[in-house]
Amino acid sequence: MNSNVENLPPHVLRLVYKEVSALAADPPEGIKIYPSEEDITELHTSIEGPEGTPFAGGIFRMRLVLGKDFPAVPPKGYFLTKIFHPNVSHKGEICVNVLKRDWKAELGLRHVLLTIKCLLIHPNPESALNEEAGRLLLEDYAEYESRARLLTEIHAMGGPGGTSGAPQEPSDGPQPKKHAGDPTKRAGPSAAIVPAALGNGANGASTTSSNSSSSVNNVAGKKKADKKRALRRL
């Protein structure tokens, strides 16, 4: 979605910047704010799943988008983390009255965030965007809770395959091998063979040299013996 920074009047931008700064410095309990200096009209947040709900233990990333008519028109809210909830569509759109007919310009962004957090505690099946979740909430709460918990564990927790709101630590990436700095250990077993091979080569050269010397001595001795036999014949 395109930025609306250029579409909002300067006095509105100042009010938004002031409120976002206050939220970042003193966020509501269980909510974190990630303001962007480049685009103040798109506010990224994360919400901790409330205890006693199927979302407990999860971290749900969300964003609020301020349109060009803000604050006369409410912001739009989207869950970026997948969640099984009656008032959240499969694409992440959030349906809550404060973002529709109950919106008032003086309510502010803090009130919006608190309302969305409360929506995780008290879903409203009457205005369901996810009809299946709304139906299960009314007809089979155990199944609704099971489905909501499953998606929370898969998408909102930091386990295998999870995509929680917390950024990954650098240690999660590939690690260097223990003996990366030791050329003999890094090269593997073949490295140990090289010195031996060199040693054998050196011994082989020495042996060849000794054999050559012996051959020369044998030839010289033979010539000397032949010379003595020739003298005796005389």
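Keep in mind that glycine also has a Cβ here, set from the backbone N, Cα and C atoms.
TrEMBL entries are annotated by machine, without manual review.
Listed features, source TrEMBL:
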| type | residues | note |
| --- | --- | --- |
| DOMAIN | 11-157 | domain 'UBC core' |
| ACT_SITE | Cys95 | active site, glycyl thioester intermediate |
| REGION | 155-234 | region 'Disordered' |
| COMPBIAS | 199-220 | compositional bias 'Low complexity' |
| COMPBIAS | 221-234 | compositional bias 'Basic residues' |
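According to DSSP, the secondary structure content of the domain 'UBC core' (11-157) in residues is 60 helix, 25 strand, 62 coil. Looking just at the domain 'UBC core' (11-157), the mean pLDDT is 95.
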